[in-house]
Amino acid sequence: MKVESVTFLTLLGIGCVLSCCTIPSRPINMKFKNSVETDANANYNIGDTIEYLCLPGYRKQKMGPIYAKCTGTGWTLFNQCIKRRCPSPRDIDNGQLDIGGVDFGSSITYSCNSGYHLIGESKSYCELGSTGSMVWNPEAPICESVKCQSPPSISNGRHNGYEDFYTDGSVVTYSCNSGYSLIGNSGVLCSGGEWSDPPTCQIVKCPHPTISNGYLSSGFKRSYSYNDNVDFKCKYGYKLSGSSSSTCSPGNTWKPELPKCVR
């Protein structure tokens, strides 16, 4: 009686060892070659194998089939799937690219140099193309020079630009009509698609500069217009309070204000 019990247990143990019992797990980058997933109640014996195929975007790591083999300790996987690679991305003119990798699912970020703007998408992804080859999608963008429209017109003045568009870094020069003074920078710069602030043309006439107990030491003129400079000195016995020089400025005023001669 005791021997029969041992024999039964031994046979039962052999039966469990010979069976892996359930279907193996499926790696996320593979699929079963045959429809074993629907046979959830199937039992597999030691030595049985189940084949896998790589999902799109993946390839076999080495030659030969990919399969799991039932062993005494469970399923053992032979071979595996690894990500396919896209071709090396090409550089773009007047721009840079930040490569996050060249494997399936990786991305590239594009940016343009100063003075250029991106035409197209700023990111491309490594994907499986319609022909089965690995491609970057969407295609690489281009970096196009930022352009300014024709520079703005100003009252009582003009500029020397006659183009429809201007590239980044272009400079256009303004001048004023006769009798007007140019206030600001005569040249405007195209930068980032915008012009720097243009000057204005104004009539600037300052009154004759006179100070009590003092006199002009330089800058004698019958009339004074924008940016004319004058210098002052005091008579003997007086000393200068304030700046010794002044400039005719917008608003028909002297700046800094005229000095005084004090005892």
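Note: Cβ is positioned from N, Cα and C throughout, glycine not excepted.
Taken from Swiss-Prot as is:
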- C21-C70: disulfide bond (DISULFID)
- C54-C81: disulfide bond (DISULFID)
- C86-C126: disulfide bond (DISULFID)
- C112-C143: disulfide bond (DISULFID)
- C148-C190: disulfide bond (DISULFID)
- C176-C201: disulfide bond (DISULFID)
- C206-C248: disulfide bond (DISULFID)
- C234-C261: disulfide bond (DISULFID)
- 20-83: domain 'Sushi 1' (DOMAIN)
- 84-145: domain 'Sushi 2' (DOMAIN)
- 146-203: domain 'Sushi 3' (DOMAIN)
- 204-263: domain 'Sushi 4' (DOMAIN)
- 1-19: signal peptide (SIGNAL)
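On the structure: features taken from Swiss-Prot.
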residue	record	Cβ contacts under 8 Å, 6 or more apart
C54	disulfide bond	N29, M30, K60, I66, C81
C112	disulfide bond	N94, G95, L118, C143
C176	disulfide bond	N156, G157, L182, C201
C190	disulfide bond	K147, C148, P151, Y166, T167, D168, G169, S170, V171, V172
C206	disulfide bond	Y224, S225, D228, C248, S249, N252, T253, W254
C261	disulfide bond	I211, S212, N213, G214, C234, K235, Y238, K239, L240, S241
| How many Å lie between the Cα of C70 (disulfide bond) and the Cα of C126 (disulfide bond)? | 36
| task | Among the disulfide-bonded residues C70, C81, C234, C248, point out the residue whose Cβ has the most other Cβ atoms within 10 Å, with all shown protein chains included in the count. | result | C248
| task | Count the residues of the domain 'Sushi 4' (204-263) that DSSP assigns to helix (H, G, I), to strand (E, B) and to coil, and report the three numbers in that order. | result | 0 helix, 29 strand, 31 coil
| request: Could you give me the DSSP helix, strand and coil counts for the domain 'Sushi 3' (146-203)? | output: 0 helix, 26 strand, 32 coil
| task | Would you mind checking how many other C-beta atoms are within 10 angstroms of the C-beta on C201 (disulfide bond)? | result | 22
| remark: In the three-state DSSP scheme, C86 (disulfide bond) belongs to coil
| said: Long-range neighbours only, meaning 6 or more apart in sequence with Cβ under 8 Å: which ones does C86 (disulfide bond) have? | reply: V102, D103, F104, S106, C126, E127, M134, V135, W136
| remark: If you rank the disulfide-bonded residues C126, C143 by how many other Cβ atoms lie within 10 Å of their Cβ, the lowest count goes to C143
| task | Measure from the Cβ of C148 (disulfide bond) and count the other Cβ atoms within 10 Å, all protein chains considered. | result | 22
